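See below for the structure under consideration.
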Protein chains: 4
Amino acid sequence: MPEKYKVKDISLADRGKLAVEWAEQNMPVLRLIRERFQKEKPLKGVRIAACMHVTKETAVLMLTLRDGGAEIALAASNPLSTQDHVAAYLAKEGIHVYAWRGMSEKDYFAAIASAASMGPDVTMDDGADLTVMLHKVALGEARGIDYEIGSKVLSSSIVEKIRGGTEETTTGVIRLKALQKEGKLLYPVFAVNDSLTKFMFDNRFGTGQSSIDGILRATNILLAGKNVVVAGYGWVGRGIAWRARGMGARVTVVEVDPVRALEAYYEGFYVTDMSSAAETGDVFITATGNTDVIRAEHLLKMRDGAILANAGHFNVEISVRDLERIAVGSRDINENVREYRLPNGRKVYLIGEGRLVNLAAAEGHPSEVMDLSFANQALAVETIVKKWEKLDKKVYKLPRSIDNRVALLKLKALGVRLERLTEEQKKYLESWSG
Amino acid sequence: MPEKYKVKDISLADRGKLAVEWAEQNMPVLRLIRERFQKEKPLKGVRIAACMHVTKETAVLMLTLRDGGAEIALAASNPLSTQDHVAAYLAKEGIHVYAWRGMSEKDYFAAIASAASMGPDVTMDDGADLTVMLHKVALGEARGIDYEIGSKVLSSSIVEKIRGGTEETTTGVIRLKALQKEGKLLYPVFAVNDSLTKFMFDNRFGTGQSSIDGILRATNILLAGKNVVVAGYGWVGRGIAWRARGMGARVTVVEVDPVRALEAYYEGFYVTDMSSAAETGDVFITATGNTDVIRAEHLLKMRDGAILANAGHFNVEISVRDLERIAVGSRDINENVREYRLPNGRKVYLIGEGRLVNLAAAEGHPSEVMDLSFANQALAVETIVKKWEKLDKKVYKLPRSIDNRVALLKLKALGVRLERLTEEQKKYLESWSG
Amino acid sequence: MPEKYKVKDISLADRGKLAVEWAEQNMPVLRLIRERFQKEKPLKGVRIAACMHVTKETAVLMLTLRDGGAEIALAASNPLSTQDHVAAYLAKEGIHVYAWRGMSEKDYFAAIASAASMGPDVTMDDGADLTVMLHKVALGEARGIDYEIGSKVLSSSIVEKIRGGTEETTTGVIRLKALQKEGKLLYPVFAVNDSLTKFMFDNRFGTGQSSIDGILRATNILLAGKNVVVAGYGWVGRGIAWRARGMGARVTVVEVDPVRALEAYYEGFYVTDMSSAAETGDVFITATGNTDVIRAEHLLKMRDGAILANAGHFNVEISVRDLERIAVGSRDINENVREYRLPNGRKVYLIGEGRLVNLAAAEGHPSEVMDLSFANQALAVETIVKKWEKLDKKVYKLPRSIDNRVALLKLKALGVRLERLTEEQKKYLESWSG
Amino acid sequence: MPEKYKVKDISLADRGKLAVEWAEQNMPVLRLIRERFQKEKPLKGVRIAACMHVTKETAVLMLTLRDGGAEIALAASNPLSTQDHVAAYLAKEGIHVYAWRGMSEKDYFAAIASAASMGPDVTMDDGADLTVMLHKVALGEARGIDYEIGSKVLSSSIVEKIRGGTEETTTGVIRLKALQKEGKLLYPVFAVNDSLTKFMFDNRFGTGQSSIDGILRATNILLAGKNVVVAGYGWVGRGIAWRARGMGARVTVVEVDPVRALEAYYEGFYVTDMSSAAETGDVFITATGNTDVIRAEHLLKMRDGAILANAGHFNVEISVRDLERIAVGSRDINENVREYRLPNGRKVYLIGEGRLVNLAAAEGHPSEVMDLSFANQALAVETIVKKWEKLDKKVYKLPRSIDNRVALLKLKALGVRLERLTEEQKKYLESWSG
C-alpha cells in the first residue's frame, strides 16, 4: 500500500467520530456482533480489502471487523459517495482509507488498486469493482481503465491468497454470476445482497427512502401531485415507487419482466413503456441495473422541467452521453442539479450526474437498515474465515439461519414480540394426513 | 361413479349459466386457452378428478378442460363453498359434479370418493384432500374419516393409473411435501400455488379483498378505526393486512417467522404475539396454515364484541373446539355470524363456523385473479399429459416460462405496454467487465 | 294514517330484532342517549313523521325517539333500501312503518303521504322528499308525482303545526336551501348533514366503505388494478376515492369545482373531465348530488364491460334514460346487475338501477358511523322540541357544542384518551402579545 | 430605514439568482400575476413592509410586488430560516432586506423594526410579529423585547398610515383575532392563511413534506417502522401524519379537540394523550400553535434516543426551557441536532433548537405550494390597495372567488381538465321540487 491512507482532510476526524457514534446508536445488531468480536477475535490476522461507500454506517462495520482482529484497507465504491469526515475518522482509527468525495475516475480506480495491494485474505465489494479488477489482472483481461490502473500496481498472483469475498448489491451479484457462468470466478463469494434480511430491507426501505430524500435535498420540489416514473420494479424500484406514492405522487412503473409488470399493475401503479411514460412524467428515477434506460429518444419526448435521477448502482442507467450529445447548452443550478437545454426548447434537470442519487445528494441508507445489511456482511466474513476450505469457486447465498439470527436480534432490540409455535403446532405442520 | 352428478337443485342451471358467463368475461387468459384447447384437443380421452371450490370461476376452468377433450368429475373442496347454481349448470354441461353448499363432513368425503372413483389420469386438488384420500387408501393408512369413506369406494390400485396431479394452495403444498419427505408420494404433483402468477396475485389480491368482503357481508361493521389482528404474514396474510389498512383499520400482525415479523414491522404494521394482540383487537383474521392459532387462552383475553374470522384453508386455525368448550351459551345472529357468550360475561362472534371466510360469507376470489391461477392449472394439466413420463414422484414447480406466458397474455388483455430490452441492454446484462 | 303499518312480511320481526340488537351493540353513543331519554322522556307527546332508509340502524334511532316519548310514523326514503325484517320488527314495536324493498314509485310517495298524514310536530328527512311533499301541498305547487299523491291525502294546513325538521343528506340540504332562497321554507330545519360529526364520518367513512361493499356484493370484481372513476369530490366522493385506492385501484376524480379538483390532484389522484375519463374507466361511481353526470356521450366512449354505480342520493346521476334510449338490448345478470348492449357492440353494466349502491346492493352505512349521525338526529329533535319558539324559518346548523358532546361520548366508548389543555396553554391561546 | 439592506454576504447574489429562477419555474400562477403586474402596475407608489421567511419562493413574491410598482422592506420572520444567498440577491434587486441565518433574538426584532421604519402602506406578516410590534408601539403596551426594540425606532403614529395587512399563518391569525377580540386591532388584515387554496395545500402538503424532509436532513433516520407522534391534528398536523405514514411509520396523534381526535382515529391513526404517547414514541413532532406541548413530565418518560422536532410557527411547543433545566448534559451532534442527557440516563435529541424544522433543517415549503399561497398574498395586497377604504378594522377572509381564480390558474398550468356544468345541471342544482 503506497500510503497509510488518503483522505480529503484528516482534521475532520472529530466531526466524523460524532457521526459514527450517531450511526452506531441505530445499529444495535451490529453493536452486539462488535461486542462478541471484541471478545472472540474471530478475524485475528485476517487482511480485508473492501470497496464500499465510505459512510458513517460503513465505518461501524469497519470498526466491528477491526475489533474482530482484522487489518483493513478501504476504497470508495463511488466517486461521489464518500463522507469526508467519516473517512478522516476511520484513517485515525487505523483503517487504510483511500477515499474522498469528488474523486476523478482515475483516482477512483487507483484507490481500489491501493486497497487491493494489501494482499487481502477476504474482499468486500459493493458493485464488484474491486473483485472485477482483481479478476481482470489475474486473467489478463486487458480492457478498461480498471485493468490499466490495476495491472500497474497488482500482481496476477494476488488472487491466489484470497479465501473468499462478499458482495453487497444486486448489480454486483449479476456481474459475479456472469463471471461464474463463463467459468472465470477465481474464489467463492457470498452474495450478501441475496439475504432476505438484506434485499427486502436495505434495497426496499433503505433505497426507497434515501432516493426520495436525495431528490428533495437536490431540488426541494413538491412530490404531491407529481407524475413520478420509476424504471425497474425490483426491490429497489418498488421501494421507491411505494415511497413516492406515500408522498402523494402518481407513480408509473416501467418494466421489462411481465410478471413484475403485472404485479405493479395490480398494486395500483400505472404501467407502460418508457416511450409513453416519457411524455407524462415530471420526475424519472431509474432502478434497473441496466444501461441506457433513458435515451435520446425518451429525452426528446419529455415535458419542460422534467427531472432525472438514478438509484441504480452505476451511472449508466440515464444516458448522460445522449444528454450531453443532444443538449444545446447546460449549466449547474446548484451543487447537485444540472440543467440541459434541449433542441426543442425544453429543459431537463439531471441530479448528481446520474450517479446513485441517495449517496450523491443525500447521506445514503439510514443506519437502521444498514444495521441489517452489515450484520450479514460481518457474519459473512466470519463464515469465510471459518469455512473457506469447504467452499467452491461459486456465488453463494448466506444460509437462512443467518437471516433468522439477524432478524431475531433486531426484533429484540426493537422490543417486538414474536409468536412461538406450540409443540402441537410444530407437529401439525409436519403432518399430511389431516 | 355412483351417480352422474349430485347437486342441490338442477333447475338453478340457468342462473348458473349467467354467473359463469359473467366470470368468463373477466378471465381473458383462460378464454384464450379455452379457444386453443377447442381447436387442439390436447386432453382428448384424459380423465380428470378434481376437488375444488365449486364457484363460477372453477366452472370456467372445468369447461376449458372439457373443451380440451377431458372427462371430468368434480367434488367440492369445502362444505360451505359451493355455489349451487353453478354446480347445477356444470352438471347440465356434462361435468360429474358432487357438491352442494352445507354438506355434512360425511357427505363431503363421500363426494370426493365419488369423484375419485372415476379412475382419473390426472387429479386436481385444492387443499390436498383428494390426493391424501387416494394416498391413504393406497397406503392403507387406516386413520381418519377420509380413509373410512374412501376405502369403501376406492380400490388401492386406483393410484397406479394416475399420471400426475396439481395442487392449488399453500396448505396443500405443505401436506404434499410432508408426504414426499416421508417417501410416500405416489405420483408427481405440480404445486400450482408456487407459481409467481398464482401466489403473488391469487393469495394476495384475491384472498386479501375477498376475506375483507366476507367479513363485511357477514357483519357490516365499519373497518375504519378498527384494530384488526392478522395472524400469519405469508402471501394471504399480507394481502389481508394491506386491504384492512386500505379500509382505514389499524393492523397488528402476529408471526412466528422472525424475518416476516421484521418485514411487517418495517411496513408500518404493529407486530406482537397473539397473547398481547388478543387484548386490543376488534377483529381477528387467521391466515397461517397452522392449527389452533387462536385458543382458549386468547379468547378469554378478548374485548367484548370481538369478531373472529379465518382465511386459511382448513377450519382449524381458530379453535372452535375451545370456543364451544368454554362458552356458556351461543346463538346465531345471522346466517354467517354465531355469538358465543364467555364465562367472563363478554361475547365473541365467529364468522362462517371458522371456515375460510371469503367462500363461506362471500363469493371467493374475483374472476380476474382466478384467471391467472386457473390459466396455470390448465397449463399444468396440459404439461402432465404431455410430459408425465419424464416426471418423478415429486412436488414440482411449474417452469418460469409458464409464468411469463400467463403474465404476457394478461398484460395484453389489459392493454398494458411492457418495456423491451434493446440488444445492447441484453448484452450489458450478460457482461461482467463493466 | 290509513293503516297502522304496511310492511312486506310481519313474520320477519324476530330476525329483525336480532339485526337491530347487533346494530345497537355498535352504537354506544345512541345507546347512552336512549338510556337518558328513557328516564327523562323529553319527547313526551311529540309526533314525528320520518322519511328515512329503513335499516337496522334507523331502527335504533326510532326506538330511541319512541323511548323518549314520541309517536312515530316512518316511510322509506328510497324504494330499494328497506330491510324488510327490520321494518317488520319496528311495526311490532309500535312504529307506524310504511316501507318494503322494491316499492313502486307510486307506492313510495303514497308511503310518505301516509306517514305525513299523522300530523307531525317534527319531520325527519333523508333527501327532503317528505319536506318537499309537505311544502308542495301547502304551497299548491301542482307539479310532480309527489304533489299528486300528497295532495289527495294531506291538507294544506298540516304544515302549520310543524315545529321543525331535520335533514340528513347533502342533497336534501341543497334542496332546502333552494326553498329558503326562494323565501318558501315554512318551518325551521336542522341540517344534521352539516354537523362535523356527521358529514366527516358518515359521508366519508360510511359511504366510502359501503359503496365499495355494494359494488363487490353485486359484481365480485377485483378492485386491485382497476381504473375507478369517481365523479364528485365532496365528502362522499372522497370517501369512495380513498377506499377504492385502499383496495388497490387507480382512481380518477371528475370535478366541477376548481379548488376541489386541485385538492384531488395533490392527493395523488388523476383528475380530468368525464369525457376523457369515460375512455379509460373500468368502474364509474357518481357522488355529485347533480343530475345526468354520466350521459349518452360518455356511455358511448366507454370500454367494453364498464360498470356503473351511483352513490348519490337520487337515481339521476347516471342517466338511466339515456342508457335505455341508446341500448340495443339489455338483460339482468343477477339481482343487482343489469347488462346493456350498446350500438357500438360494447356492453356496460348498471348496478342497482342507478340507485344508491350502498343501500341497493349492500346494507347501507355501518352502525358505528350511523351512531354519530343519529346521535346528532336525536339531539336535533330534542333541540327542536325545546327551542322551537326561538327558531326562524331557516336552515340551521347544529351548534358545535353538540358535535363536541357526540365526539366525546364516542371517544369514551372507544377508550381513546384526549389530551387536555393546561391553564397556561388556555391563556397562551387567548393572548396576542407573544 | 437605517441601512439600505443588511445581509450576510452580498457576494452570494449570483447563487441566489439561480435559486430564485429555479423556484419561479415551479410557480406558474405567481408568474402570470407577475406578468400582469408588470403591465398594470397596480401597486405603484405603495410601500410594503414584510416580515416573512426569506426563501427563494418569498423572493419571487417580492419581485412580483416590486414589478407591480411597490417599494419593499423585508425582515426575516424566523432567526433560522433565511437563505443567505437569496437575501443577497433580493438586496441587489433593490429590496430592503434585513435578514441573515442565525440572527440573535435582538437582531431579529431590530430587523423587523428596520423594515417597519419605512412607514408602510401595507404590512405582510408570517406569524404576526411585525403587526404585533406595530400595535404594541401604537398602544404603548410596554411588555416584551419587541416593544423595547420597536419603540426606539418607530413612532406611535406609524400605524395610522397603514391601509391594511396580510397574515400567512394559523398562529398569526389566532393572535390577530385575539387582538380584534380585545378591540385593539388598528387596521384591517386579510387572513391569507384561511383561504382554501392556502391552508389546504401549503399547511398540509407543504409543511407535511418539508417537515419530514427537515427531520431526514438533520438525522438521516429510517422512518419505516418508527413510532411517530404528531401533536396537533390541524392542517399542518394532518399533513405531517399522512406523510409520516406514507414513509412507513406508525403514527400516533395527540389532540385536544374531540372531533379532530375522532377523525384521526377513524383515519386509522393511534390516538392518545401525550403522557401515554411519550412512552412509545421514537419521533415527536409538534404542530399545535400552542405552548409547552412537550414538557418535563413527558421528556422523562421517553425512550432512549427519542427525537424531538417542531413544525409550529414559534419555538415554544417543545419546552426547551424544561429540557435545559432537567438535562444533566448536552452536546451538538451536528449542525441541527443537539443531544440532551437526562437524569434517568436516557438521551433525547432536539432538532433545530425546537424552531420550525422545515426551515431550520430544510428549505421550507416547496415552490409549487408557495405558488398558491403567494398568489393569494399578491392578490390580497392588490385588494387592500384597491378597496381599503371600504374595509373595517377586522380580520377578513379573502373571497372564495380569489380561491377559484388561483385554483383555475394552477389547474391550467398543470394541464388538468375541469368538468363543466351543463345548463340543465345548473338549473337542477338550484331547484328544490325534484
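Here the Cβ of each residue, glycine as well, is placed from N, Cα and C on the backbone.
Feature annotations, reproduced from TrEMBL:
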- B:Thr55, B:Asp126, B:Glu168, B:Lys198, B:Asp202: substrate binding site (BINDING)
- B:169-171, B:Asn203, B:232-239, B:Glu255, B:Asn290, B:311-313, B:Asn358, B:His365: NAD(+) binding site (BINDING)
- B:203-364: domain 'S-adenosyl-L-homocysteine hydrolase NAD binding' (DOMAIN)
Could you check which of the binding-site residues (B:Asp126, B:Lys198, B:Asp202) sits closest to B:Thr169 (NAD(+) binding site), going Cα to Cα?
-> B:Asp126
Listed binding-site residues (B:Thr55, B:Lys198, B:Gly234, B:Glu255, B:His365) that sit near chain A [CB under 8 A] | B:Glu255
How many Å separate the Cα atoms of B:Asp202 (substrate binding site) and B:Gly312 (NAD(+) binding site)?
-> 13
Per DSSP, B:Lys198 (substrate binding site) is which: helix, strand or coil?
-> helix
Sequence gap of 6 or more, C-beta under 8 Å: which same-chain residues meet both conditions with respect to B:His365 (NAD(+) binding site)?
-> B:Glu57, B:Asp202, B:Gly206, B:Thr207, B:Ser210, B:Asn358, B:Ser373
Starting from each candidate's C-beta and looking 10 angstroms out, tell me which of the binding-site residues B:Gly234, B:Gly237 has the most other C-beta atoms.
-> B:Gly237
Neighbour tally for B:Asp126 (substrate binding site), based on other Cβ positions within 10 Å of its Cβ | 25
Just jot down the residues in the same chain as B:Asn203 (NAD(+) binding site), at least 6 apart in sequence, with C-beta under 8 A of its C-beta; none if empty.
-> B:Thr170, B:Asn193, B:Gly234, B:Trp235, B:Val236, B:Gly239
How big is the Cα-to-Cα gap, in Å, between B:Lys198 (substrate binding site) and B:Gly237 (NAD(+) binding site)?
-> 15
What residues, ordered by sequence, lie under 8 A Cβ-to-Cβ from B:Glu168 (substrate binding site) and sit at least six positions away in the same chain?
-> B:Met52, B:Met124, B:Asp125, B:Asp126, B:Gly127, B:Val192, B:Asn193, B:Lys198, B:Ser373, B:Gln377
Mean of pLDDT values spanning the domain 'S-adenosyl-L-homocysteine hydrolase NAD binding' (B:203-364) = 97
To the nearest whole angstrom, what is the C-alpha distance linking B:Gly237 (NAD(+) binding site) and B:Thr55 (substrate binding site)?
-> 22
Where B:Thr55 (substrate binding site) and B:Gly312 (NAD(+) binding site) are concerned, what is their Cα separation in Å, rounded?
-> 18
When a 10 Å sphere is centred on the Cβ of B:Glu255 (NAD(+) binding site), how many other Cβ atoms does it contain?
-> 28
Set of same-chain residues at least 6 away whose C-beta sits under 8 angstroms from B:Gly312 (NAD(+) binding site) = B:Thr171, B:Gly232, B:Val236, B:Thr286, B:Ala287, B:Thr288, B:Gly289, B:Asn290, B:Leu356
How many angstrom lie between the most widely spaced Cα atoms of the substrate binders B:Thr55, B:Asp126, B:Glu168, B:Lys198, B:Asp202?
-> 17
Cβ contacts within 10 Å for B:Asp202 (substrate binding site), all chains included, total 28
